[in-house]
Amino acid sequence: MSDPHLKEKVVVIAGPTASGKSDLAIKIAQMIDSEIISEDAFQIYRGLDIGTAKPSKDDLAKVKHHFIDIKEVDESYSAYEFARDARIVINQISSKKKIPLIVGGSGFFLQTLLGDRRISDKDNPIVPKKAGIENRLYNALLIGLNTERSQLYDRINQRVERMFEKGIVKEAENLFRQQGNFQSKKAIGYREFAGYFANQYDLSEVETLIKRDSRRYAKRQLTYFKNQFPDMRWFDTKQITENPKLIIDLVKKFNQF
């Protein structure tokens, strides 16, 4: 096992959808003068803004974000490609004497980036000889956000309702106007529109389906993170919203160590 103190440091903010990851990450990044690496499988796509809950223009102006709007909707982007590209960005951020903040809900992307999971590609030059936490490529502080299940589901439902208020229907129309079975069309918040555009059900049903699929996804995310990242430190979203200093102090201590 290699000494973690000799490795580049990264801070990870993870958790289920609608748990408040992005807001917390921006606060931390501003406090420690850092940059954010988005490890979201769908925020990479231009034009998929509302359904993927991308940071606002104001938030993007406050803190530099990476891996937002880097692909067209008809392009694919694998976990391997993300890990390859993100490791270059981590090196660049670290060279500025900053700690990269990795933020998102894709456990598979995160495992691949950190080196916890081996990708089945014999020619893959970035996979460590041994995979697993003990052979992780970075000295990582993993922070998980969660809250009581009913409160999380309420947050999800409210987010979906805001999506419709902001114009998610137009984004979905633009996406499905393009022919092809793209990876981007599999994103929750968009894939549920397929039946609507096929005249199989109305918009109220689309909203119901997005809420249902988002809740199910959040449950799977929690299971995945808790099973695959035993060293993740968990905090309640409500507690952190009221007192973000708890996390900020933890990150500052990690930065100094």
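For all residues, glycine too, the Cβ spot is worked out from N, Cα and C.
Features as listed in Swiss-Prot:
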BINDING   Gly15, Pro16, Thr17, Ala18, Ser19, Gly20, Lys21, Ser22  ATP binding site
BINDING   Thr17, Ala18, Ser19, Gly20, Lys21, Ser22  substrate binding site
SITE      Ser106  site 'Interaction with substrate tRNA'
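A distance of 13 Å separates the Cα atom of Ala18 (ATP binding site) from that of Ser106 (site 'Interaction with substrate tRNA'). Its Cβ taken as reference, Ala18 (ATP binding site) is surrounded by 24 other Cβ atoms within 10 Å in the chains shown. Put simply, Ser106 (site 'Interaction with substrate tRNA') is 9 Å from Pro16 (ATP binding site) when counted between their Cα atoms. The subset of binding-site residues (Gly15, Ser19, Gly20, Lys21, Ser22) lying with their Cα within 10 Å of the Cα of Ser106 (site 'Interaction with substrate tRNA') consists of Gly15, given in sequence order.
Less than 8 angstroms from the CB of Ser22 (ATP binding site) sit Ala53, Pro55, Asp59, Val103, each of them six or more residues away in the same chain.
Of all the binding-site residues listed here (Gly15, Pro16, Gly20), the one with the fewest other CB atoms within 10 A of its own CB is Gly20. Secondary structure at Gly20 (ATP binding site), as computed by DSSP, is coil.
Highlighted in sequence order, Gly15, Pro16, Asp23, Ala53, Gly105, Leu145, Arg155, Thr237 have their Cβ within 8 Å of the centre of the Cβ atoms of Thr17, Ala18, Ser19, Gly20, Lys21, Ser22, the residues recorded for substrate, and are not part of that set.
Within the same chain, residues at least six positions away from Ser19 (ATP binding site) with a Cβ under 8 Å of its Cβ are Leu145, Asn146, Thr147, Leu152, Arg155, Ala218, Thr237. In the shown protein chains, 20 other C-beta atoms lie within 10 A of the C-beta of Ser106 (site 'Interaction with substrate tRNA'). In three-state terms derived from DSSP, Gly15 (ATP binding site) belongs to neither a helical nor a strand segment and is classed as coil. In sequence order, Ala53, Gly105, Ile156, Arg159, Ile188, Ser214, Tyr217, Ala218, Gln221 are the residues near Thr17 (ATP binding site), counting only same-chain partners six or more apart with C-beta under 8 A.
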